[in-house]
Ligand code: CP
């Protein structure tokens, strides 16, 4: 593995290897005086973010520092991109400054793949348009594997704006490869037209999707990517596809609930469902556990791509 641009072609063995490596890091992260071997000492990792981020950017920064690497922050607004410099030129110039790896977030689908073809340095996709967000899917899979013990045969329903979701796409590829079953549930206009070909189950009725599933990944309604798409009103969306206690009570099913964040509270997920981590027997939110797991997964990805002698 030279780059991580997506999960669509990553083998089951590579996915398992990354989850196992992350499990080792998570154990150390849990210990009170966590300290890691600086296996990436003297390495420089450029965090090249053309879109905003809280979780992905900071957890990559923490992951890199845990392994002894230095990070270089980049934001499009304060760089020469604002003067018209291209993405390729930006990457080639950073490469000339002896950067050892690129973590790229960009609004264009395919941008991480494009960059991986122009630089010999490892490229990690931190989200490209509505295409893929592989480290988010890996941390979701890690969270599910840690809770259920295995992904094989697990029924995962992905709820909401699947059409615009790079998280959904990476999770579909990764979860299916790992032997899970995947259901998609949302308004017809927010389900990709080619979804059936992906090997997933399709639901338009949320109660049925919940009745089928062991766990739910709830997605953010991405209004910023939705121009040209027919959307229900927020009230309609919330009534039909919002995950609430009332709905879970009605279906008699309490699920493990994941969401990649950021969340639109009381639209796709109610406050109660988003925040409840106990008591047992009710739905359980994994939202903050996912964020912690993101550090372990990103350490595993950096270590796998950059570990060893520079
Ligand atoms: N889940 C996720 O990608 O969050 P950020 O946009 O905050 O990085």
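Backbone N, Cα and C define each Cβ position, glycine as well.
Quick caveat, the model's predicted, so the values are computed rather than measured.
Copied from Swiss-Prot, the annotated features are:
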BINDING   55, 56, 105, 133, 136, 261, 262  carbamoyl phosphate binding site
BINDING   83, 166, 220  L-aspartate binding site
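Checked against ligand 1, the binding-site residues 55, 83, 105, 166, 220, 261 give 55, 261 in sequence order as having a Cβ less than 6 Å away from one of its atoms. Same-chain residues with CB within 8 A of the center of the 55, 56, 105, 133, 136, 261, 262 CB atoms, the carbamoyl phosphate site residues themselves not counted, are 53, 54, 126, 127, 167, 260. When the CA atoms are compared, the binding-site residues lying within 10 A of residue 220 (L-aspartate binding site) are 261, out of the candidates 55, 105, 133, 136, 261. Look at residue 136 (carbamoyl phosphate binding site): DSSP puts it in a helix.
Note on the binding-site residues 261, 262: the fewest other CB atoms within 10 A surround the CB of 262. The Cβ neighbour count for residue 55 (carbamoyl phosphate binding site), using a 10 Å radius and every protein chain shown, is 17. Ranked by Cβ neighbours within 10 A across all protein chains shown, the binding-site residues 56, 136 are led by 136. Here the Cα atom of residue 166 (L-aspartate binding site) is found 5 Å from that of residue 133 (carbamoyl phosphate binding site). Ranked by how many other Cβ atoms sit within 10 Å of their Cβ, the binding-site residues 83, 105, 133, 166 place 83 at the bottom. Cα separation, residue 133 (carbamoyl phosphate binding site) to residue 83 (L-aspartate binding site), rounded: 28 Å.
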